[in-house]
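Novice: Please find one structure pasted underneath; my questions will follow.
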Amino acid sequence: MDLTGSAFVIGASGIGKACALAFARYGVRGIVIADLTLEAASAVAAECKSQATHPHFLAEAVAIDVTKEESVYQAIAYAHQVLGRIDYAVNSAGVGVQLANEIAEASVSEFEKMFKVNVTGTFIVTRALSALMKTQDPVPVDEAVPARGVSRGSIVNVGSASGFVATPGMVQYTAAKHAVVGITKNAALDNAKHGIRVNSVCPSWVDTPMIRKAMDDIPELGEMIQKAVPLGRIALAEEVADAVMFLSSPKASYATGCNMILDGGTTLAAHV
């Protein structure tokens, strides 16, 4: 995978952490990891250094609150200052469902919190990254194949298979992830003329700390996932990161506005 530029990853656990480590292993020259908790981001940056393959690899950490515009712009400005440019950006910030209820009993406060982080946060991050990348010099996607054009950057949002199907008792999550798909599509359309690609990965159940906690709280959840997924197992965060690496790389130079479902076949037969 030809990933020789610099990366900016939001999210220091689960999918975000897996993406950061994958970028380091695939040879990026530098990375900035952002998280609400600076200590968590710093720990991932240190781990990236231990796995990096670029001889002059650089890894830094920065705090970010995706719900606050000033925080997002400051974090992105810091990453740009440290790295010189941002070639690959991944937004993995998000919150899961705390109260699962049918629509008649659904929590308005949780709905609003879900949208503040998962939707408004995605919008602010995508907006800020788009503005920054527009100022960057275009670089050839593949010098050996000029027809692939030039790039000012790639953005990958972490969505969900819930952006395509509904799940009983989870209207807040379903609605929020449908919105992420919409933001990704519109951003891709607006940014195409600037040489900026915008895509998303949309997994179903992934083995992350958030899902493991849910499985601890709901003992039958593991068995339910196993039965619901045609491939018969939960996804690894590393498998989602593999898809992000592809979408970030020159191999996906013609992919923009793509919302890649990674669900082991779940949405083929049922809800998530």
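Each Cβ is built from the backbone N, Cα and C atoms, and glycine gets one as well.
As annotated by Swiss-Prot, active site, proton donor applies to Y173. Marked as active site, lowers pKa of active site Tyr by Swiss-Prot on the basis of similarity to another entry: K177. Taken from Swiss-Prot, the feature NADP(+) binding site applies to I15, D65, R127, Y173, K177, V206, T208.
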Novice: Have a look around V206 (NADP(+) binding site) and count the other CB atoms within 10 A of its CB, chains all included.
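Specialist: Taking all protein chains shown, V206 (NADP(+) binding site) has 22 Cβ neighbours within 10 Å.
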Novice: Using C-alpha atoms only, work out the spacing between V206 (NADP(+) binding site) and the residue listed as 'active site, proton donor' and round it to an integer in Å.
Specialist: 15
Novice: Provide, as an integer number of angstrom, the distance between the C-alpha atoms of R127 (NADP(+) binding site) and the residue listed as 'active site, proton donor'.
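Specialist: The separation of the Cα atoms works out to 22 Å.
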Novice: Cα of K177 (active site, lowers pKa of active site Tyr) to Cα of I15 (NADP(+) binding site): how many Å, rounded?
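Specialist: Distance (Cα to Cα, whole Å): 16 Å.
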Novice: Got a sec? Which of these recorded positions, R127, K177, has the most Cβ atoms within 10 Å?
Specialist: K177
Novice: Long-range same-chain neighbours of Y173 (active site, proton donor), Cβ under 8 Å, sequence gap at least 6?
Specialist: G96, V97, M114, N118, S160, S162, T167
Novice: In DSSP terms, helix, strand or coil for R127 (NADP(+) binding site)?
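Specialist: Its secondary structure by DSSP: helix.
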Novice: Would you measure the largest Cα separation among I15, D65, R127, Y173, K177, V206, T208 for the NADP(+) site and round it to whole Å?
Specialist: 27
Novice: As a test of the contact definition, list every same-chain residue at least 6 positions from T208 (NADP(+) binding site) whose Cβ is closer than 8 Å to its Cβ.
Specialist: S13, G14, I15, A237
Novice: Would you identify the secondary structure of D65 (NADP(+) binding site) according to DSSP, in three states?
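Specialist: Once the DSSP labels are grouped into three classes, D65 (NADP(+) binding site) ends up as coil.
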Novice: Suppose we draw a 10 Å sphere around the Cβ of D65 (NADP(+) binding site). How many other Cβ atoms does it contain, all chains included?
Specialist: 18
